[in-house]
Amino acid sequence: ICNTGIRQFPDLTQIFSLEAHFILELCDNLRMTIIPQNAFQGMNNESLTLKLYKNGFEDIHSHAFNGTKLNQLILKDNKNLRRIHNDALRGATGPDVLDISSTALESLPSYGLEAIQVLNAMSSYSLKRLPPLDKFSSLLEAVLTYPSHCCAFRNLRTEKRNLLLSIFDNFSKECESTMRKPTNEMLDDSNNTSLWSAEKNAYPFATDEESSPYSYSTIFDDSEMDSFDFEYDFCQPKVLTCTPEPDAFNPCEDILGYSFLRVLIWFINILAIAGNFTVLLVLLTSHYKLTVPRFLMCNLSFADFCMGLYLLLIASVDAQTSGQYYNHAIDWQTGSGCSTAGFFTVFASELSVYTLTVITVERWHTITYAMQLDRKLRLRHAVPIMLGGWLFSIGIAVLPLFGVSSYMKVSICLPMDIETGLSQAYILLILVLNVVAFIVICTCYIKIYIAVQNPELVAANKDTKVAKRMAILIFTDFTCMAPISFFAISAAFKVPLITVTNSKILLVLFYPVNSCANPFLYAIFTKAFRRDFFLLMSKLGCCKSQAELYRMNYFSAYNSNCKNGGAATAPSKASQTFLLLSALEK
């Protein structure tokens, strides 16, 4: 019944055929929207094939296939089919083959999947979650839409085969121990009962289950036992095949892959969020004037705070989907969650690198031109510089949302798609800019170190202290940028030197190093921050003595500098030293 204008499902209950293998083809009926209850109840053939393709079906009701013995159920190319009732297959036997390819189904029925041996769900993009795996107890072949779903079936058949082999080994041992009994004991007429019992134990596949200490019925239902060929399945185990196979970008594993990363990422993201939030809170509530270093530090802390949010989002989703990521992979990677996480990490990373570069250049400029106040960097200069950094970082982070690379390629939501030339150029641009920023940072710190080596300006112990601080700053930058840049550049040229699984170690251990270290190296460990922190605490009724001590030290240093600066027309050595150390401290 094909290519008609029928609006209601035809009455098929009066079709009686003596043909054992009956085929019903119902196709290209675009006005037919439902399959009602008991639609095929009178068709009690030994084997029934239903080819119900390219119709206008939107819904299949409960017990729709009641009373049938289904061999094949073909529902492909029903573009509007969004729902199959959970009990649609109740009352039916089978099907062995189910084809729902190119439909809009969002879920499969929870009942009636046990007999399916072949499942075809190709191009079913709305089917993002599968029923519990134990529903597919007979499945041998699956053609699906998403590679992650094949991860669900990878060990399904293997586990059941291993269980059967274990039972078979136990039977073999029982048989062997029984057959080793003395022959005269076995042949003694007085032991007929023992002999009969031994024979039953020697043949473990006897119909009387009580003859064996091992009962299949406790493990498999009757339908599975009837269809199980012991001789074939033990010697030539059936292997479940599933396509498409998971690729290198989406291996069969949870988001973080390794268990130790699942613990570390919580420690790191909490450290990054808490550290940077504290810095932002102290700097923004300080009653001191907003200087250029403070302004830049606020921008850096906000960028690193966003990186902490990215890690928190990844850690939360990993915890929620642990052990069943295959059932959440599509929703996560194609949804707004992964796009948001990807935007956060690229925006935070680029803004952080940009701000670090500006901070380093500002320090070098302040020290180099410490005595030339007319060349001092003012807040009116820093604001447009950072505005440019924000626009650049937002632009770079938005591009993957518009098709230049993609955040959907991998579970950790980084832009790893390099299929097109534009995507490849995008990745290389980011990496090259990061390398250039690192070179600029290193160059500026080397020049600063050369400047402070002047023994007339800075004492030896101060020189050593400054050198150590610079070494730590450069080391943390290098630790963060070098491994990521090296492996990413090789991957951008399509010569990957590391798998996605191993790259997750870089994501957790190296990628967020700066976000955790920056608030401590650039703020918390400085005297100016500690002063602001204790002053803030004193307002809340805590640490009043420490706050008063920092307040006294600040004013005494300020008065001393004013006196030295006013004693001569040219700045004194003491004044130069104070200005230089102040710049470094900022």
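Yeah, the Cβs are placed from backbone N, Cα and C, and that goes for glycine too.
No curator has checked TrEMBL annotations; they are predicted automatically.
Positions annotated as transmembrane segment by TrEMBL: 263-284 (among others).
Looking only at the domain 'G-protein coupled receptors family 1 profile' (275-522), the predicted model's pLDDT averages out at 82. Marked as domain 'G-protein coupled receptors family 1 profile' by TrEMBL: 275-522.
The transmembrane segment annotation in TrEMBL covers 296-317 (among others). Taking Cβ pairs closer than 8 Å, the transmembrane segment (296-317) reaches residues 255-256, 262, 265-266, 268-273, 275-277, 279-280, 283-284, 328, 332, 337, 340-341, 344-345, 347-349, 351-352, 355-356, 358-359, 362, 382, 386, 389, 393, 412-413, 508, 512, 514-516, 518-519, 522-523 in its own chain, all 6 or more past its ends.
Annotation source TrEMBL lists transmembrane segment at 341-361 (among others). Residues 293, 296-297, 299-300, 302-307, 309-310, 313-314, 382, 385-386, 389-390, 392-394, 396-398, 400-401, 407, 413-415, 430, 433-434, 437, 440-441, 444-445, 477, 481, 511, 514-515, 518, 522 of the same chain, all 6+ positions outside the transmembrane segment (341-361), place their C-beta atoms under 8 angstroms from a C-beta of that stretch.
What TrEMBL records for 382-405 (among others) is transmembrane segment.
According to TrEMBL, the feature transmembrane segment maps to 425-450 (among others).
Summarising the annotation, TrEMBL assigns transmembrane segment to 471-493 (among others).
Residues or ranges marked as transmembrane segment by TrEMBL: 505-525 (among others).
Residues of the same chain lying 6 or more positions beyond the ends of the transmembrane segment (263-284) and with a Cβ under 8 Å from any Cβ of it are 256, 294, 297-298, 301-302, 304-305, 307-309, 311-312, 314-315, 318, 508-509, 512, 515-516, 518-520, 523-524, 529, 532-533, 536.
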